[in-house]
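Student: For reference, Swiss-Prot lists these features for the protein:
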type     : residues                                               : note
ACT_SITE : His537                                                 : active site, proton acceptor
BINDING  : Asn137, His138, Met139, Val140, Val270, Trp536, His537 : FAD binding site
Amino acid sequence: MVCGLTSCLGSGAAGGLFSSAVQFFAATQCLVGETWPKDSVLQNGSRYDFIIVGAGTAGSALAARLSEVANFSVLLLEAGGDPPIEAIIPAFRETLKASSVDWNFTSVENNITSQALKRGIEQQPRGKMLGGSGSLNHMVYARGFPSDYHEWASIAGETWNWTNVLKYFMKTEHMTDTNIVNNPELMVYHGRGGAIEVSGTNEVMFSIKKFLQAFEELGFKTVPDMTYPNSIGAGCFSHTIRNGERDSSLRALLNNANSTSLHILKDTFVTKIIIENGTAIGIEAVKDDKTFLFYADREVILSAGTFNTPKLLMLSGVGRSEHLRSLGIDVVADLPVGSNLHDHAMVLAFLVADNGTCVSDEAENSMEAIKYLYDRTGFLAKADNMAAYLPLSSSEPTVPEFALYPTCIPQFSPFRSGCLTLGLNEDLCTELHNLNQEYELVTIAAVLLKPKSRGKVELNSINPFDDPLIYAGTFSEEQDLDHFPRLIKMAWSIADTNYFRSKNARVIKPWVEACSNLTESAWIKCMSRAMVTSAWHSVGTAAMGTVVDGDLKVLGINGLRVVDASVMPKIIRGNTNAPVVMIAEIAADLIKEHYSVSRTGTNLNNMTIGNLTASSMPNISQPNINLADVIENNDMINSSLIEVEITNVEIITTTDRQSDIDDTVNVA
C-alpha cells in the first residue's frame with residue numbers, strides 16, 4: 001500500500017471502493033506479461049533431428065513448424081533470455097534498444113560517412129532474447145513489392161517468386177485491420193486464419209492525419225493498405241499487435257507449440273558448428289561458463305541473423321578463404337560469407353513548428369497506464385507508423401525506391417535520450433533538445449529502399465564472444481547519395497503545406513562542421529553523408545545464389561541451412577520482419593518435403609479466398625489486372641488442416657563422444 005493511502009481513503013464505503021480500485025490496478029500489472037517457454041534439462045551430447053541456432057523471428061517460427069511433425073526432434077538455442085514486459089507493451093518499444101536485451105552491434109568507423117553520429121558509427125540494434133528483433137522492433141507489417149521477389153526468383157528459383165511467397169505471407173497472417181477486412185479488393189491479398197495478428201487502429205493520431213493531408217497536398221494518393229502490390233502513395237501501416245500487445249512468431253507460434261519433442265535452451269551461446277567430412281553434425285555452445293556439445297542427425301539450421309549467422313559460419317571454416325586463413329582458421333568451404341551486406345540508408349530531416357502542432361495523444365502518464373491496465377487501450381497500446389512511398393521516376397509509378405517516415409514530437413519531450421539511442425552525436429542531440437524546449441519538432445526519416453552500396457561482415461578475432469566487424473558500406477556507391485537532395489527537399493516541402501504553414505513550420509539545418517559554406521544541394525549531400533545511418537534492416541550476408549541455394553542449403557556442406565534475413569539476395573522495399581517469417585514458413589515446408597513429410601497447417605494448394613484459389617491467383621506483377629473480375633465476395637480462407645499426432649521422442653545421449661562431455665545442462 002502506498003504510504004499514507006489508507007488514512008486518505010477512509011474507512012467508509014467510498015474508502016473501501018477506492019481501495020479496491022487501487023488494489024485492482026496494482027494487481028492487473030501482473031497480467032501484463034506472458035508465460036514464456038521454459039528451459040529444458042538436457043544431457044550433454046544429446047542428439048536431435050534438427051538443431052536451430054537462434055530463437056528470433058525466423059527460429060521461433062521454424063522450430064514451431066518443425067515440431068508439428070511427430071517424429072521430428074528439435075533443439076532450439078537462444079543466446080538471450082525471456083523478453084521483459086516492455087517487449088509486450090507497444091509504446092515501450094524504444095526503451096529496449098541499447099539495453100541488456102539488445103546485441104548493441106555497431107558499424108566500424110570509416111571516416112567517410114556518419115561523422116555526425118556518435119563516434120562516427122551506425123547503431124545496429126538487434127534483439128538478444130526470445131523472439132529476437134521481433135521482440136523489439138516497431139511491429140510494422142510490410143512485405144515489400146512483387147518486383148522484389150521477381151529479383152529473388154531470378155537468382156534462387158521460382159520458390160521465391162511473388163505468387164508463391166504471397167501464399168506464405170497469407171498462411172501466417174490473421175488480418176483484423178477493419179480498413180482492409182471490409183474491402184474485398186484488398187482482402188484478396190490477406191489471410192484470416194493465420195497465427196500472427198495484423199491489426200489496425202480506428203483512432204489514428206492527430207499528427208498522422210495531418211501528415212496524410214500534407215502528403216495529399218504534395219501529390220501523393222492516400223493508400224488504405226500499405227502492403228497492396230503495385231500501388232504506392234502515403235498511408236498508415238498495419239501492425240503485429242493483438243489486443244494491445246505485441247504479437248510475433250514467438251508469441252503466436254513458438255509459445256503455442258505443444259510438442260514434447262521440441263526442447264529450448266535459453267542463455268546459451270553457440271560458438272561453433274561442428275563440421276566433419278563436409279557435413280554439419282552438431283554445434284558447440286557455452287552455458288553458465290561450461291561448454292556443451294549437441295548433435296544433429298539431420299540438419300543444423302542457422303537463424304542467428306544478418307550479423308551472427310555469418311560470424312558462426314566463418315568461425316566454423318565456412319567463408320572467404322583469404323579472410324579465414326588470415327585468422328588461422330582452416331577453410332572448410334570457400335564461400336563469400338559476410339559479403340553483400342546492405343541496408344536501407346536513412347537520413348533525418350528536421351522542421352520546427354509552433355506548440356500545439358502535434359496535439360499529442362499522450363495524456364498524463366498515469367491515466368494512460370490505467371487505461372492500458374484496464375482494457376489494453378490508449379497510447380500505450382499503439383504503434384502508429386506511416387510512410388509515403390516515392391518512385392524513382394514517373395515511368396515506374398508502382399515501384400517505390402524511396403520512403404519518407406514523418407514523426408511529430410511535442411514540446412518538452414524526452415527527445416534527447418531517443419536521439420542518442422538513434423546514434424546522433426552529443427552536439428547534434430543537444431541542439432535538437434534545446435529547440436524542443438521552445439518548439440515542437442517534426443522529424444522526417446528519408447530512406448533509400450533499394451541501395452546499390454554494399455558492405456561486409458568479418459570476424460574480429462577467433463574469439464566467438466567478440467562481436468563481428470560490420471563494415472556498413474553506406475554510400476560506397478555515389479549514386480545512392482545522389483538521390484538525397486531530391487528526397488530531403490521533398491521532406492522539407494511538408495512545411496509548405498496548409499496545416500504546417502499555419503503552424504509556422506520551418507526547416508532546421510543542423511550544424512555539421514564539414515558542411516558549412518555550401519550551396520543548398522551540396523549542403524544536403526554533405527549533410528546526408530555525415531548523418532546517414534541504418535534503418536535497422538540489414539540483409540544479405542549469407543545470400544541465396546552465392547552462399548546458400550534456393551532451398552537455403554549452404555553450398556558445399558551437407559546438413560547445414562540458413563533461415564533468416566541473411567539469405568535475402570537483395571533487400572525488399574519495406575520492413576523485413578514479415579518477410580523473415582515468410583522465409584521461415586517456406587523453409588519449414590522445404591524441410592518437410594525433403595524428408596517426405598506432409599505439410600501441416602494451411603494447405604496452400606487448396607487455399608481459397610472468395611472464389612480466388614492459389615492455382616488461379618493473378619500475376620500481380622501486371623498492374624493493370626482488374627481484381628473485380630476475380631473477386632465477388634470476401635470469404636475467409638478455407639484451410640485444409642492435416643492433424644498430426646505429437647508423440648514423445650526419446651533424447652539419446654551419445655556414448656562414442658561421451659568422453660568429451662562431463663556435464664549436464666541443469667536448468668531451472
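Every residue gets a Cβ built from N, Cα and C, even glycine.
In terms of burial and nearby residues, how do these features look in this structure?
Tutor: DSSP gives His537 (active site, proton acceptor) a coil state; it is part of no helix or strand.
Around the Cβ of His537 (active site, proton acceptor), a 10 Å sphere holds 24 further Cβ atoms from the protein chains shown.
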Student: In sequence order, what residues of the same chain, 6+ apart, have a Cβ less than 8 Å from the Cβ of Trp536 (FAD binding site)?
Tutor: Gln124, Pro125, Ser133, Asn137, Asp343
Student: Residues with Cβ closer than 8 Å to the Cβ of Val270 (FAD binding site), same chain and 6+ apart in sequence?
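Tutor: Spatial neighbours, sequence-distant, of Val270 (FAD binding site): Val53, Leu77, Ala79, Ile283, Glu284, Ala285, Ala304, Leu312.
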Student: Measure between the Cα atoms of every pair in Asn137, His138, Met139, Val140, Val270, Trp536, His537, the residues the record assigns to FAD, and report the largest value in Å, rounded to a whole number.
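Tutor: Pairwise Cα check on Asn137, His138, Met139, Val140, Val270, Trp536, His537 gives a maximum of 30 Å.
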Student: Around the C-beta of His138 (FAD binding site), how many further C-beta atoms are within 10 angstroms, looking at every protein chain?
Tutor: 16
Student: Using Cα coordinates, what distance in whole Å links His138 (FAD binding site) and His537 (active site, proton acceptor)?
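Tutor: His138 (FAD binding site) to His537 (active site, proton acceptor), Cα-Cα distance: 12 Å.
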Student: How big is the Cα-to-Cα gap, in Å, between Met139 (FAD binding site) and His537 (active site, proton acceptor)?
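Tutor: Cα to Cα, Met139 (FAD binding site) and His537 (active site, proton acceptor) are separated by 13 Å.
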